[in-house]
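Chemist: I am attaching a structure below and will ask some questions about it afterwards.
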Amino acid sequence: MIKKASLLTACSVTAFSAWAQDTSPDTLVVTAIRFEQPRSTVLAPTTVVTRQDIDRWQSTSVNDVLRRLPGVDITQNGGSGQLSSIFIRGTNASHVLVLIDGVRLNLAGVSGSADLSQFPIALVQRIEYIRGPRSAVYGSDAIGGVVNIITTRDEPGTEISAGWGSNSYQNYDVSTQQQLGDKTRVTLLGDYAHTHGYDVVAYGNTGTQAQTDNDGFLSKTLYGALEHNFTDAWSGFVRGYGYDNRTNYDAYYSPGSPLLDTRKLYSQSWDAGLRYNGELIKSQLITSYSHSKDYNYDPHYGRYDSSATLDEMKQYTVQWANNVIVGHGSIGAGVDWQKQTTTPGTGYVEDGYDQRNTGIYLTGLQQVGDFTFEGAARSDDNSQFGRHGTWQTSAGWEFIEGYRFIASYGTSYKALNLGQLYGFYGNPNLDPEKSKQWEGAFEGLTAGVNWRISGYRNDVSDLIDYDDHTLKYYNEGKARIKGVEATANFDTGPLTHTVSYDYVDARNAITDTPLLRRAKQQVKYQLDWQLYDFDWGITYQYLGTRYDKDYSSYPYQTVKMGGVSLWDLAVAYPVTSHLTVRGKIANLFDKDYETVYGYQTAGREYTLSGSYTF
């Protein structure tokens, strides 16, 4: 009997575009339909980043990893740990669904967007990134795309690492995975990272007083996982992690009032699951609990002072997913339930509230001759706004062997968060934000070049905005986003090249003005090679012009921010089979630029690190 992976591989095409280092079309991904499938059978553009990629790039943050990927635009209010936003294909930062091991990241706060500057890079073993609508599979938020951060380690062993760098950066990490008998595996990790940072000098955006201090970041992380195989088909796991972060930043100064310029974030997450992995049928049941407490306070008064603010969120989820091989493809179905609660006294929500959501979904994948068809439909029942349905469909045609045309259409939405509904400025009558997206793409393998080019359009309605006059949130905005994305990877002798180009025209559909903080064009290029046992890497990124607001005076003025070209250089050397040393220069030519108006970036930075494995 043919197993699922073999069958799906057999029905997949020979070679299609893959952006990351591992360019095999048979690389398995789980994010598209919640179960493993060869990447070549996923019609949506998909990128996989491995832990080996992260180590080779010597990334010290999740944002540094994501900024290298097609369609991603990262903005940040300064350096490490400072507030950041992820824009995928021009959509809002709140239109990106971030998963941790397939479970929605707990998001505290009124923005409803993921700030991955706070998520420890030490936990990341793999990232799967899908562009385009995915609400028909996952529900709310998946308008621009899905980022699935996977913490599960692939190989046993122990690693001890340490790193130092500019701005008094230091990082110490110990992780181990051990086999207990033939069927049980234990993983443990501890990580400490700290930087004094630098002065982001956000004068004008923070009131009338400049705050000449270093804006540092401290993070402490613990992780543990236990996995057990009951039989060849049945397995289970228990997993938990937590991190304790402190960030200093430049806050708005008001004479006579405490200066809330310190952020303290506590986050913990626990999940357990049971999986059945048969030859034709797969099923999994996962439950999770997460709790985050996000304080902003004046350190002279403490985080429990009446002037401090607190965002506290608890999230409970249950997921039951199933997949069965049918013909040259599969059919999947599942249900997931989520409950989010806030605690009375939370900064943006005066009283305790909860929001519950139950979703049922159906997915399908099938190959018929030279055609591949993919579809999904989902219905969500939300305690705040009732029932909402989404769907998507894609078709791929291999018109010549190794060349494929893809067309897709999908709907998606963004649910309201508790802060927007019941916060100080909340509006309980808000509707969800909605999206309709079209995409057409060609991809293939030509003379050793694995390439893909696509064009897309995204119409977003009922966007939630804030009214300065009524001091309330309301539905009124509309956005029209058009874009082109091109990716390619190829080898020339010992050199490996990976390149992408993005053109994004993201506009307010009512006023025809550009959406803020999105670069209109981006070029990204990665060059890797090995010479005399040294592993070298050069990263280039061009960020095009973008617009932002100058909040130093009212009425706020729109400002145009120029483009910039950035270069990084990284090198690694294996001293022995166990010990590797690495060095990196980020922003090699020390360019001055901003991604958020008024907030400086770090300039040239150096890091030196070493790791010992056994």
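Each Cβ is built from the backbone N, Cα and C atoms, and glycine gets one as well.
Note that the coordinates shown come from a computational prediction; the quantities given were computed from them, not determined experimentally.
From Swiss-Prot, for reference:
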BINDING   Leu83, Ser85, Asn92, Val110, Ser111, Ala251, Thr309, Arg517, Tyr551  cyanocob(III)alamin binding site
BINDING   Asp199, Gln211, Asp213, Asp215, Asp250  Ca(2+) 1 binding site
BINDING   Asp213, Asp215, Tyr249, Asp250, Asp261  Ca(2+) 2 binding site
MOTIF     597-614  motif 'TonB C-terminal box'
TRANSMEM  158-165  transmembrane segment
TRANSMEM  217-227  transmembrane segment
TRANSMEM  232-248  transmembrane segment
TRANSMEM  309-325  transmembrane segment
TRANSMEM  328-337  transmembrane segment
TRANSMEM  371-381  transmembrane segment
TRANSMEM  403-417  transmembrane segment
TRANSMEM  434-443  transmembrane segment
TRANSMEM  449-458  transmembrane segment
TRANSMEM  494-509  transmembrane segment
TRANSMEM  535-550  transmembrane segment
TRANSMEM  558-572  transmembrane segment
Chemist: When neighbour density is defined as the number of other C-beta atoms within 10 angstroms of a residue's C-beta, which of the binding-site residues Asp213, Asp215 has the lowest density?
Modeler: Asp213
Chemist: For the binding-site residues listed here, Asp199, Asp250, Asp261, which shows the highest count of neighbouring CB atoms within 10 A?
Modeler: Asp250
Chemist: Between the Cα atoms of Asn92 (cyanocob(III)alamin binding site) and Tyr249 (Ca(2+) 2 binding site), find the distance and write it as a whole number of Å.
Modeler: 23
Chemist: May I have the DSSP-based helix, strand and coil counts for the residues of the motif 'TonB C-terminal box' (597-614)?
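Modeler: Per-class counts: 0 helix, 9 strand, 9 coil.
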Chemist: How many whole Å apart are the CA atoms of Asp213 (Ca(2+) 1 binding site) and Tyr249 (Ca(2+) 2 binding site)?
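Modeler: Answer for this pair: 9 Å between alpha carbons.
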Chemist: Quick one: which of these binding-site residues, Asp199, Asp215, Thr309, Tyr551, have their CA within 10 A of Tyr249 (Ca(2+) 2 binding site)?
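Modeler: Close binding-site residues: Asp199, Asp215.
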Chemist: Where the distance is taken from Cα to Cα, which of the binding-site residues Gln211, Asp250, Asp261 turns out closest to Tyr551 (cyanocob(III)alamin binding site)?
Modeler: Asp250
Chemist: Take the C-alpha atoms of Gln211 (Ca(2+) 1 binding site) and Thr309 (cyanocob(III)alamin binding site) and report the distance between them in angstrom, rounded.
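Modeler: If we compare the Cα positions of Gln211 (Ca(2+) 1 binding site) and Thr309 (cyanocob(III)alamin binding site), the gap is 20 Å.
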Chemist: Which residues of the chain, 6 or more past the ends of the transmembrane segment (558-572), have a CB below 8 A from one of its CBs?
Modeler: 55-58, 513, 516, 519, 521, 534-550, 580-589, 591, 593-595, 597
Chemist: Average the pLDDT scores across the motif 'TonB C-terminal box' (597-614) and report the rounded value.
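Modeler: Averaged over the motif 'TonB C-terminal box' (597-614), per-residue pLDDT gives 96.
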Chemist: At 10 angstroms around each C-beta, which of the binding-site residues Tyr249, Tyr551 has the fewest other C-beta atoms nearby?
Modeler: Tyr551
Chemist: Counting across all protein chains shown, how many other Cβ atoms sit within 10 Å of the Cβ of Gln211 (Ca(2+) 1 binding site)?
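Modeler: Result for Gln211 (Ca(2+) 1 binding site): 19 neighbouring Cβ atoms inside 10 Å.
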